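For reference, the structure discussed in these notes is given below.
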């Protein structure tokens, strides 16, 4: 068998999600609607947080950053997937494949850290209310957000050094709808044990590390909520955290299933389904989850609509 290294390989073939033309058209329309809602919903959330002064808090600052990451992440994956669903030649250049993977890894890392920061913010707000303005001052939360993006860039650089050195044999067919490290490791004819271990460690540090921050923060939050004497106070505090917990469960469940299970149990078809959730569906659901569960967001949206109606009559 002739061996090709990454310098001689010019393109990959993405098998995608469907084999038949009818199913491809249905999926194209379905994902086009989801992508449109994702972009409009998240950009709308960013704009709403920007124009409403009541949402100028650390919690909603992190949410605006999360919405930005969701738009970027979805745009990294979905447009290419939509194009492939309507194309017979589902190819992606070698450089394009690795750029897609690196941007995805960087943005996913940032998203995990933002979830952790949002959990810490809820801990500070509910468990340390008197010190909240000091703990989460503007300088502090700006540095936290900058650190989240810097960590994503660092993970990007570390993955560049070991994944791009993979060698490939005759086959260039990726059994996935986008370029991700697990299917590339499967495709490579290099000895990938060390590289897979490094990738798993990096994913584990990011996912498990931020999850520990989330679990410890919410352990204190729930203890404080149940210690409140006022039923109204408990309901308000729990309602504030419910949307964040819902988004966390959806995101981390699919990420853990995809990246932290043993490689021996790796299933291409099951991984595709899980990947659809955290790359396409969850970015659309996040603004819906936060807007439906948050009284502040609903109030801000009502104020914007009210002002627009008033101005239209003038």
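From the backbone N, Cα and C atoms, a Cβ is placed for every residue, glycine too.
With respect to the membrane, residue 15 and residue 270 are recorded by Swiss-Prot on the same side. Range annotated as transmembrane segment by Swiss-Prot, chosen from 5-25, 26-46: 26-46. Within its own chain, the topological domain 'Extracellular' (76-99) has Cβ neighbours under 8 Å at 6, 9-18, 24-25, 27-28, 31-32, 34-35, 38, 107, 160, 163-164, 174, 177-179, 184, 279-280, counting only residues six or more beyond its boundaries. Each of the disulfide-bonded residues 97, 189 was scored by the number of other CB atoms within 10 Å of its CB, and the largest score is that of 97.
DSSP assigns residue 189 (disulfide bond) to coil in the three-state reduction, placing it in neither a helix nor a strand.
In terms of DSSP secondary structure, the topological domain 'Cytoplasmic' (121-139) contains 16 helix, 0 strand, 3 coil. Relative to the transmembrane segment (197-217), the listed stretch 140-160 leads the set 26-46, 55-75, 140-160 in CB pairs under 8 A. With DSSP states grouped into helix (H, G, I), strand (E, B) and coil, the topological domain 'Cytoplasmic' (47-54) comes out at 7 helix, 0 strand, 1 coil.
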